[in-house]
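Asks: So that we are looking at the same thing, I have put the structure below in structure tokens.
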Ligand SMILES: *Cc1c(COP(=O)(O)O)cnc(C)c1O
């Protein structure tokens, strides 16, 4: 059914026809000692550095050097409101309204802060549902929230698991969990795009199922932001959080995004952990005011933020704004489809793609399961400067990122994979 073709010529031609191909030149691509570009497939782990990032950070260093504390108001991009320069672009990327989004804190911190507000268990309705393959940090966050509220973490945690012999989650199984235990469940905290399998779940459906049993619904979008188009507002989920150093290319450990649905924006009864940055901007510096929380997502900020990290996020978001998520996603589907086609053409039973084959149920990542958990395959790829990521127990994750990976990258990667598989 696919229109893809084999051979290097085809790959080169696709790159020539690709209207987004020039964006690759806007990134630093790591090189081997002969000066050849690495084949970098781990933008799902740490995105590459835009060449413009340095300029954005330098601006803030210069303003700090020249203005000191006056930079809060006098900098070219005044630090007092720096996060506001990011909000509209960030909201657009995840399909949210500006009042629903802020860049603040880091991902796991945001999950905790959001659970302080949206995980309000009672003696009988207190359980939390996560995916069985949830990212460890999310699992630890949820376990410790349960314990913080005096519950047994094992007893309070419900795992939504793939069926025996399967790798992917089925929405009907979440439905069954809610049907059977919904009255005891307070919160669903689900990875919108699973970090391990690359499965992109139907957020709207999850929200509807959760809400039908009066559960709060939170989404971790670490693998979604800048990758898929989650349409957070329309999905109806209550809250979400994501980091910006994966597909959003803002640098190691950079700040995170936070989404709170508009329906909660003006609810002053929500419990929260607050700081001075949660407080009304117009009276923030009248140091003796009672707390007056900002409506919407900004009310979950705590501290004045690290501007250098914000500057790197601005560099990235300006680029995403320029490209537009629609055209990026269109290229992504084509590029990952091509990757899948080439792997399937290898017809090698030592490897198997576990990511959904439906492009609407995945982002750009393909997770390749390796028979007998043979790690040497990943090792040999790395030695050839093909950067992928090994995840226990038996998966190589590869993300052709549409902003900077080319069809030729994908072609060369699969050629090497074939060579290695043939050797072993
Ligand atoms: C990358 C990732 C994290 C990392 O959390 P930090 O707080 O940024 O260190 C957490 N959860 C998921 C699902 C991730 O993919």
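Every residue, even glycine, has its Cβ placed from backbone N, Cα and C.
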Asks: Of the candidates 154, 267, 286, 304, which one does TrEMBL list alongside 107, 108, 135, 136, 137, 138, 220, 223, 245, 276 as binding pyridoxal 5'-phosphate?
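Replies: Answer, per TrEMBL (pyridoxal 5'-phosphate site with 107, 108, 135, 136, 137, 138, 220, 223, 245, 276), from 154, 267, 286, 304: 304.
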Asks: Among 107, 108, 135, 136, 137, 138, 220, 223, 245, 276, 304, which the record lists as binding pyridoxal 5'-phosphate, how far apart in Å are the two most distant Cα atoms?
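Replies: Pairwise Cα check on 107, 108, 135, 136, 137, 138, 220, 223, 245, 276, 304 gives a maximum of 31 Å.
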Asks: Looking at the binding-site residues 107, 137, 220, 245, 304, which have a C-beta within less than 6 Å of some atom in ligand 1?
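Replies: The ones that qualify, in sequence order, are 107, 137, 220.
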Asks: For residue 220 (pyridoxal 5'-phosphate binding site), which of the three DSSP-derived states applies: helix, strand, or coil?
Replies: strand
Asks: Enter the number of other CB atoms within 10 angstroms of the CB of residue 246 (N6-(pyridoxal phosphate)lysine).
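Replies: Other Cβ atoms found within 10 Å: 26.
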